[in-house]
Amino acid sequence: MTIPKPVTLGVLALQGAFREHINYFKSVIEQDEEKYSNYSINIIAVRTKEDLDKCDSLVIPGGESSSMSYIAERTNLLPHLCKFVSNESKSIWGTCAGLIFLAKEIENAVENQTCLGGLDIQVSRNAFGRQVDSFEQKLDFSGFIPGCDSFPTIFIRAPVVTKILPNGAESGSSPNKIVRSKSNYHNKAPVEVLYKLHNYDGKENELIVAVRQGRILGTSFHPELSDDNRFHQWFIDEFVL
């Protein structure tokens with residue numbers, strides 16, 4: 001009899017939609033127990049260094065990116081998150097605020113905001129406007145998630161990726177306040193643009209809303225708030241196991 005391999009998937013639970021992520025991951029495992037029978041997958045909320053030390057993978061949820069970084073710094077979790085991001089054996093996914101937190105640079109940052117520097121990108125906060133400008137749109141992700149050609153995608157005060165930073169190079173001057181990660185970590189994998197949102201708000205544009213850099217994934221939108229767990233299943237299959 002094969003002993004299931006233990007795997008711990010953590011969701012950062014300092015602030016934001018962490019419960020929704022936990023529930024979606026659990027639903028993926030419960031709906032296809034046979035598929036995952038070779039693994040003992042434990043989903044946990046991460047609030048402390050001790051929690052983080054247990055994790056093989058980590059999800060940083062949507063919420064308020066500046067509050068998230070303040071809490072991480074105040075509770076002394078920030079250096080441990082930086083260490084986790086730099087560990088090549090760990091996989092990570094950031095949604096909305098989590099994408100901002102994982103970036104190398106933040107445009108329109110608030111004072112004393114910090115970021116982890118796992119993705120060689122610059123992101124712009126609240127790129128779609130305020131809370132009242134939030135929207136849902138069905139998007140075709142079948143280019144990287146097989147069969148996922150109509151996914152209900154929710155954007156709430158979402159960021160967009162404004163620049164890819166080759167080899168982590170600095171973006172240069174900008175009229176907007178830019179915060180750059182203090183981490184020395186260099187992700188050797190190339191940044192892959194997984195999805196661009198075309199012609200948002202009737203304008204001719206291409207807004208980058210999903211990227212991957214090796215073992216690190218970032219999305220502008222909130223799969224954990226949609227009535228669909230296929231994105232969570234893909235993360236487990238592609239990044240965690």
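Using N, Cα and C of the backbone, Cβ positions are placed for all residues, glycine too.
Automatic, uncurated: that is what TrEMBL annotation is.
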If TrEMBL says Gly63, Glu64, Ser65, Ile156, Arg157 bind L-glutamine, which of Arg19, Arg125, Arg180 does it name for the same site?
Arg125
Cα-proximity to Glu64 (L-glutamine binding site), 10 Å cut-off, over active-site residues Cys96, His222, Glu224:
Cys96
Taking Cα atoms as reference points, rank the active-site residues Cys96, His222, Glu224 by distance from Gly63 (L-glutamine binding site) and give the first.
Cys96
Ser65, Arg125, Ile156 filtered to the binding-site residues whose C-alpha is within 10 Å of His222 (active site, charge relay system):
Ile156
Recorded positions compared (Cys96, Ile156) - highest count of Cβ atoms within 10 Å:
Cys96
